[in-house]
Amino acid sequence: MSGIFISFEGPDGAGKTTALKKLMPLLQKRTDKEVILSREPGGSPISEKIRKIILEKENEEMDARTEALLYAAARRQHLIDVILPTLKQDKVMLSDRFVDSSIAYQGGGREIGTKEVAEINNFAIEGHFPDLTVYFDITPDIGLSRIKKDHEGQMDRLEKAAFSFHERVYDSYQEIVKDNPDRIKTVNANQSPEQVVKDVLDIIVKRFPKTFAKGE
Ligand SMILES: Nc1ncnc2c1ncn2[C@@H]1O[C@H](COP(=O)(O)OP(=O)(O)OP(=O)(O)O)[C@@H](O)[C@H]1O
Ligand SMILES: Cc1cn([C@H]2C[C@H](O)[C@@H](COP(=O)(O)O)O2)c(=O)[nH]c1=O
């Protein structure tokens with residue numbers, strides 16, 4: 001596998017999607033490798049169908065373990081349909097969320113347990129961890145207030161969960177970051193969108209200087 005796999009993580013409203021849209025062309029300018037952007041849950045036709053089931057507000061009664069299995073199933077299909085083919089073609093794969101989201105949201109937030117959730121995800125991803133993960137650090141009060149300001153009426157099932165759930169997600173992410181210092185690098189997401197993009201770009205270029213050397 002010769003491509004580069006980078007995931008982006010963080011609590012709801014951290015600004016990943018906003019930053020990734022701006023980051024994509026900046027990265028593409030610096031490399032001859034094709035840069036592909038995808039997201040989880042989703043990113044391929046079957047996984048997008050699973051995403052709909054997971055996030056629909058009507059599915060309030062969904063059991064926590066069912067939710068964890070659905071995220072892992074969507075991830076497996078995304079891996080097979082998009083991530084592995086992209087890496088085999090020597091491209092750069094950017095994924096807006098990956099396995100750490102399940103550990104933080106289902107393991108921590110839903111209190112299933114990080115070990116249990118890691119186990120079903122190990123089955124799904126068969127060791128294909130990202131080469132680099134950029135964690136967008138934002139406290140749940142700030143992240144959720146951004147979302148409420150932007151689209152309160154259209155908040156999905158996860159975004160609408162209790163504040164204590166989002167606090168557990170945040171705490172769980174802090175643990176994951178602490179436990180994976182080589183793979184995960186943190187960006188302060190409570191800065192201007194421009195500064196966030198600059199910081200993320202710096203991290204990626206520093207980690208893969210040869211790949212992103214064009215135009216230096
Ligand atoms: N640096 C920033 N400062 C202030 N507001 C921001 C910043 N970045 C993004 N936003 C706003 O915050 C909201 C959430 O941003 P975005 O959708 O990019 O976050 P996200 O990390 O993808 O969230 P989620 O995972 O919940 O979808 C949007 O309204 C966006 O305009
Ligand atoms: C991959 C993944 C995601 N989640 C949560 C995180 C968000 O609340 C939603 C996804 O929405 P986004 O706007 O596309 O970020 O799902 C999760 O709980 N577990 C996961 O594995």
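Heads up, the Cβ atoms here are built off N, Cα and C, so glycines get one too.
Copied over from TrEMBL:
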type	residues	note
BINDING	Gly10, Pro11, Asp12, Gly13, Ala14, Gly15, Lys16, Thr17	ATP binding site
DOMAIN	8-199	domain 'Thymidylate kinase-like'
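Locations of recorded TrEMBL features on the structure.
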| residue | record | Cβ within 10 Å |
| --- | --- | --- |
| Gly10 | ATP binding site | 26 |
| Pro11 | ATP binding site | 26 |
| Asp12 | ATP binding site | 20 |
| Gly13 | ATP binding site | 24 |
| Ala14 | ATP binding site | 26 |
| Gly15 | ATP binding site | 22 |
| Lys16 | ATP binding site | 26 |
| Thr17 | ATP binding site | 13 |
Cβ within 8 Å of the mean position of the Cβ atoms of Gly10, Pro11, Asp12, Gly13, Ala14, Gly15, Lys16, Thr17: remaining residues of the chain near ATP: Phe136, Ile138, Gly143, Ala189
Predicted model, mean pLDDT over the domain 'Thymidylate kinase-like' (8-199): 96
Cβ under 6 Å from ligand 2: qualifying binding-site residues of Gly10, Pro11, Asp12, Gly13, Lys16, Thr17: Asp12
Ala14 (ATP binding site) in three-state DSSP notation: coil
